[in-house]
Amino acid sequence: MRHLLPLLVAVPLLGAALLACVGRVVPRAFAEAVGCAVSAGTAALAVVLLLDASPPLVEWAGGWEPVAGHSVGIVLVGDGPGLGMAALVSLLTPAALAYSWRSFDAPPRGNAGSFPALVLLFQAGMCGFAIAGDLFNAFVWFELMSVVAYALTGHRVEEARAVQGALTFAVVNSLGAYALLMGIALLYARTGELAMAEIGRELDAYGPPDALVLAGFVLVLTGLLVKAAAVPFHFWLPDAHAVAPTPVCMLLSGVMVELGVFGVWRVLGTVFSGPGGLPAADVERALMVLGALTAAIGALMCWYQRHIKRLLAYSTIAHTGLFLLGIGTLTLEGDDGVALYVVGHAGVKAALFACTGILLDRFGSVDEHVLHGRARPLRGVAVLFTAGALGLAGLPPFGTALGKSVTEEAVGGPLTVVYVLASAVTAGAVLRVAARVFLGLGPRPQEAAGDEGAYETTGSGEEPETRQPLSRVPDTMTAVPAVLLAGALAAGAVPGFADAVARAMSEATTAGLVQTSVHWTPVGVALGLVSTLLAVGLAAVAVVRPKLLAPPARALPLRRLQSGHVGDYVAWLLVGTTVLGVLALPAVLTG
Amino acid sequence: MTAVPHVLPYLVAVWVFLAGAYGLATSRNLIHAVGCLSVCQAATYVLLLAVGYRDGATAPVFSDVEPGTRPVVDPVVQALALTDVVVGATVTALLLALVVQVAKRHGTVDPDELTELRG
């Protein structure tokens, strides 16, 4: 079975190559059918491997196995979390492709295969990253998925905003990737190994961490946190997500950002967890501080948006902060919770983006104020959008709710408040949009005179992704979010799923020695209900009395940070690297 | 051997990376910014090659060197650097294509004048 692991990458790569070759001569329907078939086939393979991932599958590509403890080969690791991420990626990709059938007219009209080919390449990169057991290979897959993501974000090259967002995305992420590579080089210099588990072993053999290990840690984490969009590395994300085509947004927010968190978890667990890595207290401090900051800023900025895609992008940032807090506990319970949370969040967030795409194609705008009351006829979409918002808040029995309650329990103490508030504020913002756009509740937001120069991005400059605005909503565009929401619901409601996740995490981190049990608790359900009620309350107040919760002048400096200027974002990246170094510095001073 | 020659390549790598990042942060022209990103990447080449360097060693090509007769530099980092070059070429090409589109759609390549996405 383990020999099939490389196929997770090879199948979508070959599919992409095929589509790129024949894309010019085949009709669009054929190209998209091939794209869907290949990505769904990969998904089936990922699920089959996942069911067989106990004990974890380890494949040395080409049979280059380690000799006397030293390796020159490339290792692929198919354990529960890795294959789980690959399966999540591979299940979301066909959903995005199916959504794009009717919603999205890819611009190069001559080449029907280019968009599905790029999506398949994206899938290959993400699957490769998920199962990489070799640090340098993880970098290569990181770059592959990044480069394809830049191209997909700027796919509509005719649009001014799209190319600007893609350029910002590309510069910041590439710089992060180079930091990651420098960190890998430093770790290789110390250990002479590239496979993650071997690096960890050699570091432990060398002795307590010194400045070089700290530098390697900081640089590697910088690269991964840029991908995970942790504050202050997050600035590229709203700009990229606001302009990317909707099917691409579903993949970016649903799984790519989460892969950054997964990378952090993987590196912490296999490379830096031993006595030669960083002490747990320092890692915990770094992740807790960055995670709490990310959740707070993401939630606050989410509340202030009127561009719906941007609002959802900030909610992704807030949730990334919650994921980082969860893995920052460095406990198995925290990992279990985050794994479930990521699965639930992927379904909910992709469904919300899909619903927003319907608004864009139907009305040619994604601006909350402009769309006020205009989407009243779209009852089905309204139900889906509201259900997505409730899932985001963590209403039981969504998978997000179960994941959140398990993580809250692992984090414990005052940080529980961060979970409740961040999920309530982001879900409240989405519910506010639902109430205004789909129900037309509350007064119509007035544009103050001279408001054109306000420091914000409106959603009215967006072009529909179809050639002409849709007169009615195609079935695929509503079926896809419905299926995704059902998946998110099943992740929390199907008995046994949570236990399977817990078993897989335990096997990957402790070789199955420590067993955890994951289940609904009264406290968790109560906190989920509190978040949901809080979200509904916030949305109600915002709709009925818009002045009360409007962004105060005090918030302007925070908004000004998101300047759209790529130079500022690079400067923030360097600041973030420094902060990370300072937070982890005690590891070396005391050691 | 003193310590300085051994540390020097690492200091150069750090300096090159920071110089590129400074250029990116203060750039007034997107083509210049893409160049600065390549400078940052050049730092990774320097670092990788410095990691694999050995005093008195030769290139790891065994067509005319009997294996085991004399030291060679680490071939792994050279393979990594080569992969890195390929990645860099892709990124630079894509970025320059995006800059061309930015110039067409916005009529400028000055990042200070791109004000559509903010807040």
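Including glycine, each Cβ sits where the backbone N, Cα and C put it.
Record features, source TrEMBL:
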TRANSMEM  A:29-50  transmembrane segment
TRANSMEM  A:83-101  transmembrane segment
TRANSMEM  A:113-132  transmembrane segment
DOMAIN    A:132-407  domain 'NADH:quinone oxidoreductase/Mrp antiporter transmembrane'
TRANSMEM  A:138-154  transmembrane segment
TRANSMEM  A:211-230  transmembrane segment
TRANSMEM  A:242-265  transmembrane segment
TRANSMEM  A:338-360  transmembrane segment
TRANSMEM  A:381-399  transmembrane segment
TRANSMEM  A:411-434  transmembrane segment
REGION    A:446-473  region 'Disordered'
TRANSMEM  A:477-498  transmembrane segment
TRANSMEM  A:518-544  transmembrane segment
TRANSMEM  A:569-589  transmembrane segment
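Here the transmembrane segment (A:518-544) lies next to the transmembrane segment (A:381-399) in space: the count of CB pairs under 8 Å, restricted to residues six or more apart, reaches at least 3. Long-range contacts of the transmembrane segment (A:477-498) within the same chain: residues 91-92, 95-96, 98-99, 102-103, 336, 340, 343-348, 350-352, 354-355, 357-358, 361, 380-381, 384, 387-388, 391, 396-403, 406, 518-519, each at least 6 residues beyond the stretch ends and with a Cβ under 8 Å from a Cβ of the stretch. Counting same-chain residues at least six beyond the ends of the transmembrane segment (A:83-101), those with a Cβ under 8 angstroms from any Cβ of the stretch are 8, 32, 35-36, 39-40, 42-43, 45-47, 49-50, 53, 57, 115-116, 119-120, 122-123, 126-127, 130-131, 245-248, 250-251, 254-255, 258-259, 262, 339, 342-343, 346, 350, 354, 357, 474, 476-477, 479-480, 483-484, 487, 501, 504.
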